[in-house]
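Engineer: I'd like to ask you about the structure that follows.
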């Protein structure tokens, strides 16, 4: 099934990239004449045939999807479209934290065990432990709140809500 083709200079193959490199010089008379298209077509066909012959000789693996070829490692390194990203410079805070030995808070510090539900819940935020007082239909007044006048109640309502949360 494979056709044997002979070149004066053998091709360089990189089967990992499925590429063949022809370094033989081209015939200038055929490139400038009217046979240019047919010459390039036949040269390309011969080189592709040699590449296919080499690919067929590789070890094969049969799977449910079909026959797969085991490609060897690449020989030619391919260039990247963009340069490798440079490491980001350290911020002032990161430098300060590294010098002082400050570590970021761990996730476990944000959770509290809720004995009523038997699960770990966040301290703050959505479904947090701090929302527990807001959902209760009855909250006892403390001694401090009983002594306040109506004007003081209006002015200190925010303070009371904050003090209950903690």
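Glycine too: its Cβ is placed from the backbone N, Cα and C atoms.
From Swiss-Prot, here are the annotated features:
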MOD_RES   34  phosphoserine
MOD_RES   64  phosphoserine
REGION    144-166  region 'Disordered'
COMPBIAS  156-166  compositional bias 'Basic residues'
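Are these features on the surface or tucked inside, and what touches them?
Structural biologist: Secondary structure at residue 34 (phosphoserine), as computed by DSSP, is coil.
When secondary structure is read from DSSP and collapsed to three states, residue 64 (phosphoserine) falls in the coil class.
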